[in-house]
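According to TrEMBL, the features are:
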DOMAIN    11-503  domain 'K+ potassium transporter integral membrane'
TRANSMEM  44-65  transmembrane segment
TRANSMEM  132-151  transmembrane segment
TRANSMEM  201-221  transmembrane segment
TRANSMEM  280-303  transmembrane segment
TRANSMEM  329-357  transmembrane segment
TRANSMEM  378-398  transmembrane segment
TRANSMEM  404-428  transmembrane segment
TRANSMEM  435-458  transmembrane segment
TRANSMEM  464-483  transmembrane segment
DOMAIN    519-764  domain 'K+ potassium transporter C-terminal'
REGION    650-672  region 'Disordered'
Amino acid sequence: KETWLQTILLSFQSLGVVYGRLSTAPLYVFGSIPPKDFKSEESVYEYFSFIFWTLTIVSLVKYAFIVLRANDDGEGGTFALYSLLCRHAKVGLIPNDKTADEVMHYEAGSSNRTKIESRARRAIAKHKSSHYLILFLALFGACMIIGDAVLTPAISVLSASRGLQRSLSDIKYVPLPSACAILVCLFTLQHYGSHRIGFIFAPIVILWLLLIGGVGIYNIIHCDSQILSAISPTYMYKFVKNISLESWRALSSVILCVAGSEAMFADLGHFSKKSIKMTFVSLIYPVLILCYAGQAAFISHALSPKNLDDVPEDYNHLYKSIPDHVHHLFTVLSLLASAIGSQATITACFSIINQCLALGCFPRVKVIHTSNKIHGQVYIPDVNWILMVLSLGVTIGFHDTKRIGNAAGMAIISGMLVTTCLMSLVIALYWERSLLVSACFLIFFGSIEAMYLSSSILNIHKGAWYLVVLVVLSMTVMVAWHYGTKKKYELDLENKVSTEWLTNLSLGLGVSRVPGIGFIYTDIVTGIPAFFSHFITNLPAFHQVLIFVSFKSLPVPYVSPSRRYLIGRVGPREYKIYRCIVRYGYCDHIRDTDDFEEQIISSIGEFISLEEHDSECLTSPEGRMIVIGRQPPEGHALIPLHDTSLNAEGSSSSNAVTEWNPKSPMDDASGKGKKMKKVRFMLPDNSKMRMSVREELKELVEARDSGTAYFLGQSHLAVRNGSNFLKQFLIMTYVFCDKNCREPHVALNIPHAALVEVGMVYTI
């Protein structure tokens with residue numbers, strides 16, 4: 001259980017990761033509103049009223065008090081909401097073997113069992129089109145977070161660079177080079193992970209908050225003490241009453257004040273609900289209100305009748321409202337804080353893509369877990385460098401905060417609207433509240449966000465089109481990958497052969513058994529994969545011990561190690577053929593091959609010793625399966641012996657898909673040449689063990705000592721002649737991504753001399 005000391009520590013770290021974006025929003029909220037829209041002091045009051053109520057309703061009420069409660073075992077974001085709906089409303093479209101659902105989701109005594117179906121749950125489960133709509137919403141929300149991670153660094157750093165240009169007025173073109181330099185430094189630091197970045201950035205954010213909060217109080221006192229009366233909703237009514245196309249379009253800048261609220265939820269896996277909520281309510285929210293009020297007071301004072309003849313240039317930008325005696329401090333802190341402000345969306349992007357990977361909705365990329373205490377803290381180098389290139393392209397191509405702000409505003413409000421839609425379903429289907437409560441949530445928050453979305457759409461020709469292009473590209477890749485993955489899996493199921501084919505019919509082929517263990521990696525959890533039957537038909541021989549290994553993602557963040565492995569037999573005992581199903585959550589990471597192989601063999605040893613009298617088992621289409629992971633009552637069936645005789649350079653690959661790195665990925669290079677553990681096994685001295693069990697365990701140990709081979713099936717998709725354009729386009733996109741992304745995790749760290757790849761081509 002999280003202690004108060006841990007909560008305070010996580011709150012401190014969250015300042016440097018989660019709240020940098022919200023804290024630096026004042027740099028560009030008023031500044032992105034065209035100066036001509038500030039027609040009088042009254043108009044300033046109206047805009048501030050919108051900012052106050054938007055920050056209160058969206059960030060405070062919706063996210064801090066409601067949405068954070070809908071976390072999926074500590075994970076947040078649109079895909080966390082989607083996984084809740086997959087489990088509790090049966091809307092999942094993730095490829096799965098329908099005949100093996102019981103095997104995959106078997107959890108003795110689990111609290112995650114599907115609840116009694118309500119009328120709404122039955123209605124949604126019945127209509128397949130609603131399943132596609134919910135998946136589309138989840139993918140669309142993920143694309144918006146990716147787009148926000150591209151745009152936020154650009155607008156934050158460019159806004160701060162304006163202040164630097166004022167301090168160095170004699171130097172031309174300062175904002176663009178300095179902004180690009182800061183962006184490169186920011187993305188280069190990402191490999192240190194949220195834990196270290198939080199400690200590095202948090203003190204700067206605290207100083208920044210103290211500065212803008214103090215300046216806000218100073219401006220309220222010296223410029224316009226009546227500005228706090230603008231929190232009255234009557235000013236919003238006056239704005240709407242006198243609305244025009246230009247003023248309505250300016251509302252797309254107001255929504256930037258809640259930029260970073262969605263990251264509060266998406267970054268939940270990096271910290272905790274209590275720490276994020278406590279920090280926002282007690283510090284971030286009051287400081288931001290004071291800052292916006294102070295800036296509005298300064299603008300109101302500048303537009304007062306007595307100052308109309310001396311209105312300063314760029315009076316609506318934050319750096320103009322800073323007193324001269326702290327202006328140099330503001331310039332330095334704004335540059336640092338603006339870089340930090342981008343951290344929230346970058347971290348959120350890593351979290352969302354990591355979830356998409358496990359749910360089969362994103363091409364394979366390298367994921368590095370940067371903490372052994374908080375599993376959600378991840379770093380994805382491939383995505384990091386792509387974000388850096390795109391963000392630099394936006395900065396150089398637009399070099400204008402107004403146009404980038406238009407695109408960022410559309411990304412922010414679109415992502416929030418997706419969260420509102422999915423959250424309304426969670427309220428009805430998971431929390432099991434009445435449909436009236438769900439509808440009220442959707443209508444209240446959805447109408448506010450739809451209003452801001454309509455104002456953002458009016459600016460689509462003023463920079464927002466870039467977001468549309470970015471979302472179309474990312475959505476195409478994600479939809480094509482999900483479609484190709486699903487089709488390939490369905491074809492694998494259709495072409496698999498029965499267990500009897502291997503155990504009975506293969507005898508007629510004159511199949512011989514050779515010493516050693518054969519690991520056959522397959523996506524299916526029942527039957528014999530088509531690629532292995534193809535291999536046996538052409539080369540009638542297989543190993544003394546066969547182990548069919550399947551990795552299966554469950555729509556949960558983590559699967560306990562004690563519940564991870566399901567072990568069963570394929571065919572009669574004398575054939576020595578086993579099946580191992582490895583279940584993992586969308587935030588779990590797969591271990592390296594050497595350690596994993598040790599766990600598989602140990603688990604099979606436990607299965608052999610527990611098979612006869614284990615009460616906690618289930619019946620699959622192929623026979624009994626046992627959950628392995630707890631300590632057997634009579635001790636371990638196999639005792640591992642470690643030998644450091646294997647050199648890491650000979651069996652390790654730098655292309656790891658997932659790994660745990662407590663320091664940084666840069667340390668990987670220094671690890672080459674180190675000795676790796678070669679694990680051997682011996683039988684325990686247990687007189688109570690039956691002779692048949694001991695003989696089978698002895699054969700398993702002898703097979704391991706004889707050597708190991710790995711069989712991988714490479715399924716390829718081809719489009720049938722005459723197929724429609726959409727299918728051809730999706731399959732071509734999938735094939736392109738499959739050839740250019742990372743290798744499957746089971747293909748990594750396997751010695752090439754022991755790897756056998758069998759190709760299959762499916763025409764669809």
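Cβ atoms are placed via backbone N, Cα and C, with glycine included.
Whatever TrEMBL says is automated annotation, not expert-curated.
These numbers come from a predicted model, not from an experiment.
Panel annotation: around the transmembrane segment (132-151), residues 77-79, 81-82, 85, 91, 93, 259, 262-263, 266, 342, 345-346, 348-349, 352-353, 356, 361, 387, 390-391, 394, 404, 407-408, 411-412, 414-415, 418-419, 421-422, 425, 466-467, 470-471, 474-475, 478-479, 482 of the same chain, lying at least six beyond its termini, place a Cβ under 8 Å from a Cβ of the stretch. A mean pLDDT of 73 is what the model gives for the domain 'K+ potassium transporter C-terminal' (519-764). Annotation: stretch 280-303 has the most Cβ pairs under 8 Å to the transmembrane segment (44-65), among 201-221, 280-303, 329-357, 378-398. Two recorded stretches are said to be in contact when at least 3 C-beta pairs lie under 8 angstroms, sequence spacing 6 or more; the transmembrane segment (329-357) and the transmembrane segment (201-221) meet this definition. Tallying C-beta pairs under 8 angstroms between the transmembrane segment (435-458) and each of 201-221, 280-303, 378-398, 404-428, 464-483 places 404-428 first.
The stretch from 201-221, 378-398, 404-428 with the most CB pairs below 8 A to the transmembrane segment (280-303) is 201-221. For the transmembrane segment (201-221), same-chain residues at least 6 beyond its ends with a Cβ under 8 Å from one of its own Cβ atoms are 12-17, 19-20, 23-24, 26, 227-228, 283-284, 286-287, 290-295, 297-298, 318, 321-323, 326, 329-330, 333-334, 336-337, 340, 343.
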